[in-house]
Amino acid sequence: MFAKATRSFLREVDAEGDLIAVSNLNDSDKSQLLSLVTKKKRFWCWQRPKYQFLSVTLGDVLTEAQCLSPVVVESDFVKYEGKFENHVSGTIETALGKVKLNFGDKGLRESQSSFGTLRKQEVDLQQLIRDSVERTINLKNPVLQQMLESKNEVLCILTQKIVTTQKCVISEHIQTEEKCGGMVGIKTKTVQVSVTKDENIIKDASVALEIPAPTTIAYSVIELYVKLDGQFEFCLLRGKHGGFEHQRRSDIVFPDAGALQDFPFWDVPDAGQGLPTPDGPLSVLKQGTRLLEKNFFPFVELPEQHRTALNTVLQAVLSDEELLAVLEQVCDDLVHSLSPPLAMLGELKPPHRQDLTAFLRLVGYRVQGGCPCLEDGVGSQKLFSTAYFLVSALAEMPDNAAALLGTCCKLQIIPALCHLLHAMSHDGVCDLEDPALAPLKDTERFGVAQRLFASADINLERVQSSVKAVTPLKDPSVLPLILYISLKGLCALGREH
């Protein structure tokens with residue numbers, strides 16, 4: 001809930017992606033200026049890097065005894081005023097300029113964070129650079145030794161953070177919209193953040209979380225490039241990446257490339273940078289179509305009972321964002337040969353634990369004593385790799401998009417949406433008279449499809465007897481690709497022999 005609120009807030013005020021949302025309150029306490037942070041390079045291009053706070057600061061790992069005393073500059077960052085009603089509007093004034101808030105979609109009230117007045121604390125970089133001249137990092141420090149063993153992490157320092165100045169309450173509301181065509185409703189969770197005044201009580205909230213002040217809700221880091229002798233450089237320019245001198249790109253250890261290297265786009269280092277699309281954003285989908293057909297074949301060749309069971313468990317995962325996040329974390333740890341801690345499984349609610357255990361069993365893992373163990377055989381490896389490929393895409397979908405995908409499954413329009421993207425012409429137009437697109441002639445079904453595509457930065461509109469998809473030509477994101485992978489995977493699971 002806290003992570004969803006901070007992510008939602010940054011989407012409104014930080015279009016360039018310079019800030020990183022704090023994902024939990026424990027990390028908020030650890031986010032001190034000059035703290036060391038590890039940036040974990042992910043496997044797929046659409047996966048956002050993961051950041052983890054270390055228990056030391058930059059000064060703690062320098063060889064010289066003289067400690068660093070950073071000069072801290074503090075200023076106002078955001079002042080937001082707005083109301084949470086059925087129809088909400090407002091304007092945020094930030095250090096990045098004014099951002100207009102737009103709310104729409106019948107029956108769905110978008111989550112909007114109102115953290116009150118926020119302050120920005122940042123290190124004087126020029127002074128820090130001067131203080132760090134001729135200083136070196138002790139590479140024998142135990143914390144750094146563990147980083148060097150992993151070989152796919154970058155050392156960063158925290159140089160800026162955004163903190164609250166007032167006590168806030170984050171409340172979560174579960175909404176079920178009207179049924180679509182009398183068949184199925186869309187169940188979504190919305191998160192509201194409001195400043196508490198005079199001990200106001202949040203009513204009609206499923207869950208409420210009180211956040212004290214000051215709490216860090218976002219931060220930014222600078223990567224370090226560390227040489228063999230411990231000398232280091234601050235990577236201040238865009239495009240300049242950190243790391244350790246002995247780690248070349250070809251030396252970085254990625255998990256079981258033999259099982260995963262057949263998938264498209266696997267060797268892109270970071271998410272969020274967009275994809276090179278000289279012929280338009282949708283052209284990337286065309287390029288990967290045949291590979292995706294091949295990559296999801298392990299789903300198609302499963303026995304019907306096995307495939308149905310896996311599809312059923314995945315439907316339960318789609319309806320719960322927290323469970324999806326845990327499943328993605330477990331798969332990620334397994335791929336990197338890290339056994340998921342028993343506490344992670346033990347902390348889950350019994351139904352969630354059952355769903356996660358069932359999913360792992362169905363994709364080739366035995367769970368013994370809380371620790372998953374891969375079954376022998378190439379088939380099990382390919383099946384798990386395929387499942388990880390799909391889960392990693394689903395986990396990167398925007399808020400409530402997974403729930404919309406689940407609704408599309410229940411409405412049985414996933415095959416039509418896959419065909420729509422596959423059959424589109426170069427300019428994004430598709431003939432609605434195509435028999436495979438017949439389900440989309442229904443107005444309510446098409447409305448659900450529009451909302452799903454809109455979450456992936458694709459504007460879907462019906463023009464007479466055709467459907468047109470439009471994506472931003474400027475700064476295209478990876479979201480259309482994530483959507484297409486998600487649709488293809490779900491289609492393969494739901495396909496009849």
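A Cβ is built for glycine as well, from the same backbone N, Cα and C atoms used for every other residue.
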Which stretch does Swiss-Prot mark as region 'Membrane targeting domain', out of 1-56, 169-224, 337-392? 1-56
Between the Cα atoms of CYS156 (S-(2-succinyl)cysteine) and LYS120 (ubiquitin cross-link), what distance do you get, rounded to the nearest Å? 19
Expressed to the nearest Å, what is the distance separating LYS120 (ubiquitin cross-link) and CYS45 (S-(2-succinyl)cysteine) at their Cα atoms? 30
Rank aside, I only need the closest one: which of the modified residues CYS45, CYS168, CYS409, CYS418, CYS491 has its C-alpha nearest to that of CYS235 (S-(2-succinyl)cysteine)? CYS45
Pairwise CA distance, CYS491 (S-(2-succinyl)cysteine) versus CYS168 (S-(2-succinyl)cysteine), rounded so that it is a whole Å: 42
Could you check which of the modified residues CYS168, CYS409, CYS418 is the closest Cα neighbour of CYS45 (S-(2-succinyl)cysteine)? CYS418
